[in-house]
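What Swiss-Prot annotates here:
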- 34-199: domain 'FAD-binding PCMH-type' (DOMAIN)
- 178: active site (ACT_SITE)
- 228: active site, proton donor (ACT_SITE)
- 298: active site (ACT_SITE)
């Protein structure tokens, strides 16, 4: 029996056979619909299972990659060696007390935005169309339309690389543009508390509807993508720079600069991760040559080179 099969058996004892997959194609777990196989993919159903899996992998010196629902992720075509831990809808419980929502990392951020509205709480309207999980959103300080997670997050329970639970509060998060203390230290968000404000439900709903409509009009939501590919360069808009380079609709293989929004790359149906990565590099080089601006990716790129 192969070493990875033996490891998979051990992980099955922790998380259950139904939650462990061998040689799982990562294209089934990313919004871009690309990516080679993960040696082992596990979806833990509790914090205790997550901790046990991390400790097991550490003891065996097996690399671990933790993901949410794969909406901000490019996995290379050769896939991911070691263990991929997917924290999604198995860890999605939440509570609401007065003006504070506390929720586990696997819940969708858009769902948390809806929960806020249902409870007459304002502050998370910006998040209504962000497709990722709460955990990923907190780790990278996700934001849109003038709002960011740093505006509402007051406390986060996270797990360090050793499987131990830690807590950060307020400024301890060290939020920056698309980054945080937790991300910099490879922490795994377990649950987060967000402090909101009492608001008018009709006004909250109206703003959410407006932002949703703007997204639908301006973003290629009907095609596989990973949202905004690039961080916003200081003083510029990434999409505008790409458009001004004449790259709207530019294709490499099955990857295309979106006709609808130049800040997005879409999978036209048969893209490989290599097509997307080659297109990213082409865009970066073109923008650098024309405008002298360095474009940094917002999307996570992982997997065997």
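The backbone N, Cα and C atoms fix where each Cβ goes, glycine too.
Quick caveat, the model's predicted, so the values are computed rather than measured.
Feature map: Swiss-Prot annotations on the structure.
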residue : record                    : DSSP (3 states)
178     : active site               : coil
228     : active site, proton donor : strand
298     : active site               : coil
Query - Sequence-distant neighbours of residue 178 (active site) in its chain (C-beta under 8 A, six or more apart) - result: 140, 141, 142, 143, 231, 298
**Report entry** Across the domain 'FAD-binding PCMH-type' (34-199), average pLDDT on the 0 to 100 scale
**Finding:** 97
